[in-house]
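*Asks:* My questions will all concern the structure given below.
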């Protein structure tokens, strides 16, 4: 009988990161997927990154994950979103060639040390004494294991809707999983339904691009991965069009035929990625909605019209598309659809992503109520790391709100839960100025090195980068000019007769890296504008970062105050019954987590701290 230490079920974005992370830690790992050729499949939009999402990708890369490196092998349109705003909200994004992305992912995983891939379908999980024993395949065979990571995406009782038509599926042409849904229900997990959707796909050869707006990418693509020196993939343009009043009329006239508005769908859809039906209803005063025409590949004429996700009948979809400028004669290759699926209340898992009910069972991705490739991948890498560390009897790996967007996401999910698909935003992070895309490796790579999940190659690159940062920082502190010379150059500085270093100049409004290079041409020789940009940001926002660090220190002190597992909140007399019940249900692990539970008052937190000091003064936490 086959036996593995860790088995990952599902080969989507969460699954591939989970499997690779577990394998990197030297643990024999098996990835079970319905179609190995679809590893890392982009089921919806052909793009990676975006605002906040791009930071997640950089954080995954910092821990030696796959997503950033793979998109650099397949990215055909790179664009830094929000670049005209502050660096805390910059969002690196890349349009992908779907085929190249899957090909690169497949090549990496099929040659990954300590990782095997099995074509198959898991029907059940064998559990004894609330511990994982094995997975059972649909052919009746059993594979023994210590840990299981469920990354089922939209496959748990998945149901596609196109108008009144219902198709049982995890995605187009792939069977759903009913067995695992039943298993989770029998265990006692709280399941609910969510919904997501995708737009119709259209033939780019039939688009009149003269009626659209050109959207070029960045002149020089900025790679996602620290392992990528330069993006060698050919770059192409995207285009923008918009809906019209006629489009909106057709949608309104047919709302009763939409699966979303006929009452056919139970699941709640993503608030921040609404269907075109939702947009017309919720924003009824808007006369138009933008549509981004995104190519799906270099040698693929399929276009993804981002912005018109729909569950309307096929004939209605054809009608509404014809009313969009440039798409009057377009050929529809595949209709859009909505899909609903089961998910588990994420308050059923801990911050390690292990379930509270079953030891050794981890959940990652859409099964936890999230939406998006990047959110799934971020959970996958943490679940994979922790499953492997548990096999090795090592301490768990936990990111926090203070050091990563991944930590923010996991804390939000495990503390508050979600009743709609959870998407990452910069606004969710209190410390977003410190948690930028450009410093992800400086925040997380050393943490990954400490637990052994980072390769030797990445270690060398990271060590060299840290050395270069110190060298360039020293140079920027050495290069200087008098205030009088700077004034002659048109740079507004106080005429106090002092010398101003480059780091001083970076603090001046509207002064940037390009100006510094113009004044001090030797900075060109550093040949690393990424480091110059990093140091520019750190200098420009130094005072804000210092204040934010004080907030982070306070947060970390509360996170370090652990709450014993066996604490009885009903024995703390100064706390109301309502709060006692909430704390007992949530089981917070630290004072910081307890403070973030809705309805927990500052007075209650003080009472807990006093109780812990008197009851557990010996440091006991059992």
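Indices start at 1 and increase along the chain as displayed.
Backbone N, Cα and C define each Cβ position, glycine as well.
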*Asks:* If Swiss-Prot gives 10, 11, 12, 13, 14, 15, 177, 366 as binding FAD, which of 122, 231, 316 does it give for that site as well?
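*Replies:* Candidate in the recorded FAD site: 122.
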*Asks:* For residue 271 (NAD(+) binding site), which of the three DSSP-derived states applies: helix, strand, or coil?
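*Replies:* Once the DSSP labels are grouped into three classes, residue 271 (NAD(+) binding site) ends up as coil.
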*Asks:* Of the binding-site residues listed here (12, 122, 366), which is spatially closest to residue 271 (NAD(+) binding site) when Cα positions are compared?
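*Replies:* That would be 366, nearest by Cα distance.
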*Asks:* Need the DSSP three-state call for residue 122 (FAD binding site) to compare against my parser.
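*Replies:* Looking at the DSSP assignment, residue 122 (FAD binding site) belongs to a strand.
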*Asks:* Where residue 277 (NAD(+) binding site) and residue 366 (FAD binding site) are concerned, what is their Cα separation in Å, rounded?
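*Replies:* For residue 277 (NAD(+) binding site) versus residue 366 (FAD binding site), the Cα atoms are 23 Å apart.
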*Asks:* Calculate the distance in Å between the alpha carbons (Cα) of residue 275 (NAD(+) binding site) and residue 122 (FAD binding site), and round it to a whole number.
*Replies:* 32
*Asks:* So what sits near residue 122 (FAD binding site) in its own chain, CB-to-CB under 8 Å and at least six residues off in sequence?
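*Replies:* Listed in sequence order, they are 9, 32, 135, 136, 137, 138, 177, 179, 180.
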